[in-house]
Protein chains: 2
Amino acid sequence: MDTIYTMKKHNYSAGPSILPQEVFEKSAQAILDFNNSGLSILEISHRSKDFVAVMDEARALAIELLGLEGKGYQALFLGGGASLEFLMVPYNLMKENGKAAYLDSGTWATAAIKEAKFFGETVIVGSSKEDNYTYVPKGYEIPSDADYFHCTSNNTIFGTQMKEFPATNVPVVCDMSSDIFSRVLDFSKFDIIYAGAQKNMGPAGTTLVVIKEEILGKNGRAIPSMLDYAKHIKAESMYNTPPVFPVYAALLTLKWIKEKGGVAAVEKLNNAKAALLYGEIDRNPLFKGAAVVEDRSNMNVTFLLNNAEHTETFDKMWKEAGISGLPGHRSVGGYRASIYNAMPIESVQVLVDVMQALEKSVQ
Amino acid sequence: MDTIYTMKKHNYSAGPSILPQEVFEKSAQAILDFNNSGLSILEISHRSKDFVAVMDEARALAIELLGLEGKGYQALFLGGGASLEFLMVPYNLMKENGKAAYLDSGTWATAAIKEAKFFGETVIVGSSKEDNYTYVPKGYEIPSDADYFHCTSNNTIFGTQMKEFPATNVPVVCDMSSDIFSRVLDFSKFDIIYAGAQKNMGPAGTTLVVIKEEILGKNGRAIPSMLDYAKHIKAESMYNTPPVFPVYAALLTLKWIKEKGGVAAVEKLNNAKAALLYGEIDRNPLFKGAAVVEDRSNMNVTFLLNNAEHTETFDKMWKEAGISGLPGHRSVGGYRASIYNAMPIESVQVLVDVMQALEKSVQ
């Protein structure tokens, strides 16, 4: 345990968040000299052969890792953040006087709903707001005449995660910002998947959007160029100058996932990390989980002390252990351990050790 | 000359483009360890004290360098690129059934006009399109009932630059993407200034928007959150996760400008570099400038060989001299030397030396 206690910090930040160490090293090197070109990745033209290759590889690798090759999907790396997708989705999919179905499972779902209202009717098919989003709504019905259904696969703030997705005849749009590339799903059931890079995929500054091309161009709206998915696809994700460095760092992260054995191999590690930490939360009489057991997120583990008197001691202990980013979001309180792909199980063990040490210290 | 010929590349790329060497070194270091925190700048929360300080300092320094302190302006560092501002400007300023005046001085002005048309009437007050934008239109009148007037201070592709700005009673919006922080202007005459970072201000991935706050909230439109300048100002440029690394690198670049003595000192160096290169273009019988003399840009120097037969020899020579990024844009042809703030005069001398060596070789 001593060696782990003295290693680099254990970064539990919810996002921007921990990335593989080799992504830090390789991206820092590319800033000093990119591909032995004598130029920095920060000063090369986005139209240069070397960067076009980066963009092409990142787009292809995203599709490959999701198992969507040859299925009519296109991947884009856009600027602006996932929050921009909250309005691009209805702009591209909602008809004039149309309507869209939304699942209200947390803060970001609520933010997406707010933007959709600028474009038409939003039907909230299910909501767990009254229980402060401690669970994912289930058993809802999606109107068959909705232009699309929108959901959030993982709720970063509340620590819940959708384990199943509804069967529906309408296009399915999913904000996967905080669990993309963390588990295997049948991604071909989704028509648009989007994700801000800054959890499992790279630094802040770019957003992955994966689109089933055939669903575009059907809502009859005139769309400003920068908000038009079809224009970005036609320009091969270079409609305007892309966020060059964030895209490069995202490519390094996607390559790391592939080298690890792909999403299935990473999922196995994620399951082991989550089992280790939730196991301790359930075993240790000082702690309790914040979310209902069946909807617990394997990415963001939210938990609380049963007795607030231990807060000061616990906070001192985990800080001394080199842990950072553990405090929970103000709307939940307590703690949130974000254990994204790049978090080593050794770091999770450090947190578990601290929780056990706290238990001993109060006996 | 030998030492210069063997130094790091002379990067004449039009953008993304050369940045100060210390920006490369300090930003690479921050990726390995930011502020001795034991964490990478790529993995820290944007809400962390250290990054909030970065954002605050970058915003304040942008205002300071433009001489706009205490004049009612706010600076934002947004994601999405200057192309997103093409639609945010009319969304925030154009009234329903209103109109806006645009100066058509080049490709990017044309792109801005295209997006404004989604929101209302656009009056093109002047255009040099028929002469392939070799000059900046002058002597135009701006309708006094326009919601705003939009211009492009420097035309990256054509190598022209506005030397004077019109007096008008309507709000003035200026795309300064390719000459921001390169020369002193009375910036208080502008109501919105925006600039993609990737020329004089940092790597690609963030856009500076400087706004006179009092002009907002007057057009009566309901604006989606991510497109609403007022919301970004209220959130102190953190409405959503900002592009953390690009903003940090922009701060390093702004600090470098300040250390150089501010915009006035940098302008002096820019004038010397431009005089050196234009002087050679005018003196050397093998070359001619592409833009009219009075509108020549001090940032993007466009020029042509009088005799295309020398192309192969010249291209070989400048490549051997370690120069990169010199070919002109396809819509102008010839060459374009982008000599942004960070380009040393020694590198400009290398290009001049090559031009003179070509002259000698053909005699």
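Using N, Cα and C of the backbone, Cβ positions are placed for all residues, glycine too.
Where the annotation comes from TrEMBL, it is an automatic prediction and has not been curated.
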Residue among B:THR134, B:THR156, B:THR302 sharing the pyridoxal 5'-phosphate site, where TrEMBL lists B:ALA82, B:SER83, B:TRP108, B:ASP175, B:GLN198, B:ASN240, B:THR241 as binders: B:THR156
List of the binding-site residues B:ARG47, B:THR156, B:ASP175, B:GLN198, B:ASN240 facing chain A, defined by a Cβ pair under 8 Å: B:GLN198, B:ASN240
Segment confidence, the domain 'Aminotransferase class V' (B:11-351), expressed as mean pLDDT: 97
Alpha-carbon spacing, B:THR156 (pyridoxal 5'-phosphate binding site) to B:ARG47 (L-glutamate binding site), which is rounded to whole Å: 36
Proximal residue to B:LYS199 (N6-(pyridoxal phosphate)lysine) among binding-site residues B:ALA82, B:SER83, B:ASN240 (C-alpha distance): B:ALA82
Least surrounded among the recorded positions, given as B:ARG47, B:LYS199, when other CB atoms within 10 Å are counted: B:ARG47
Distant-in-sequence Cβ neighbours of B:ASP175 (pyridoxal 5'-phosphate binding site), under 8 Å, six or more positions away: B:ALA82, B:GLU85, B:TRP108, B:ALA109, B:ALA112, B:HIS150, B:CYS151, B:THR152, B:SER153, B:TYR194, B:ALA195
